[in-house]
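Quick look at what TrEMBL lists:
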ACT_SITE  HIS68  active site, proton acceptor
BINDING   PRO165  substrate binding site
BINDING   THR196, ASP240, THR243, ASP248  Ca(2+) 2 binding site
SITE      ARG64  site 'Transition state stabilizer'
Amino acid sequence: MAKAWSLLLLLFILVFGAFVEGSHGSKLSQNYYKSTCPQVLSIVKAKTESTLKKKPRMGASLLRLHFHDCFVNGCDGSILLDDNSTFIGEKTALANNNSARGFELVDDIKAEVEKTCPGVVSCADILAIAARDSTVVLGGPSWKVKLGRRDSITASRADANKFIPAPSFTLSALKSNFHAQGLSLKDLVALSGAHTIGLARCTTFRAHIYNDSNIDPSFAKSLQHKCPRNGKDNIHRRLDLRTPITFDNFYFRNLLKKKGLLRSDQELFNDKSADSLVKKYAADSSKFFKQFTKSMIKMSDIKPLTGNSGQIRINCRKVN
């Protein structure tokens, strides 16, 4: 009997140990490619830096790609997939169509990584690293990127339309949207601060400048000259009036003056629950940077594919 119990205990230890090891192996890690592709961070950094020196706006594009990727069924590189015979992908979703950029740069980075480490680094991880590097190049904070994501084998335009927050959202809708991703109000406000860089199309802010009252009248009028009620949909304006290619806290300072370009931006400072956070980040960029890094790490950890799920795409645009 004692021998039987000993065998049972040994079996339990072996099974539990294998489970723990498997679970640990599925987690994201800063050192995931330490032995399989130690050069990946330097490759992504070099390519991102050289591109942003010529085209600084691309930094906002890469950051946005990562954000939109993570909000649609997790950070799995699905936003990079072209349509095929089995699915309509995310590139033509309302938030991405004629708007999402940076796909060619991701292709270039992936090609460089493949030369050094073929079939090892996922497109999802490349997006996560490039988003961090873009933020740093444009003057923002750095953080340790956790790695080990695998790439999805499908994408969904319907899911992108459902989960990516719209520029017309109220604060209540934004909070619900972020909560569904496991993100707090603090995360919502800090991550929205990424709008300190980049541009937005007329279609995204037209309703705000013509219909809303929580906007500086002179600011609205200046935008109406560029963005009429009808037509000129693709006219672009800066999300941050003062420093559109510098990652700083001017986005929050603009909100205090009711000069948020999008309705969803100004909703963060509109006599509601987010006001105190906006004031804090407007007054102290270091506090914004500290929370932004925490929130980026948290967002980048949304439902990653790990272990045997998904695949490592060779070409980020199509399933192997």
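Here the Cβ of each residue, glycine as well, is placed from N, Cα and C on the backbone.
Here the features listed in TrEMBL are painted onto the structure.
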residue : record                             : CB count, 10 Å
ARG64   : site 'Transition state stabilizer' : 23
HIS68   : active site, proton acceptor       : 22
PRO165  : substrate binding site             : 19
THR196  : Ca(2+) 2 binding site              : 29
ASP240  : Ca(2+) 2 binding site              : 27
THR243  : Ca(2+) 2 binding site              : 17
ASP248  : Ca(2+) 2 binding site              : 19
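Annotated Ca(2+) 2 site THR196, ASP240, THR243, ASP248; additional same-chain residues within 8 Å of its Cβ mean position, judged by their own Cβ, are ILE197, ARG242, PRO244, THR246, PHE247, ASN249, PHE250, TYR251.
ASP248 (Ca(2+) 2 binding site) sits 23 Å from PRO165 (substrate binding site), taking the Cα positions as reference. Note: the Cα of HIS68 (active site, proton acceptor) and the Cα of ASP240 (Ca(2+) 2 binding site) are spaced 20 Å from each other.
Cα of ARG64 (site 'Transition state stabilizer') to Cα of ASP240 (Ca(2+) 2 binding site): a distance of 15 Å.
Taking the Cα atom of each, ASP240 (Ca(2+) 2 binding site) and PRO165 (substrate binding site) are about 19 angstrom apart. Taking the C-alpha positions, the distance from THR243 (Ca(2+) 2 binding site) to PRO165 (substrate binding site) comes to 24 Å. Cα of THR196 (Ca(2+) 2 binding site) to Cα of PRO165 (substrate binding site): a distance of 17 Å.
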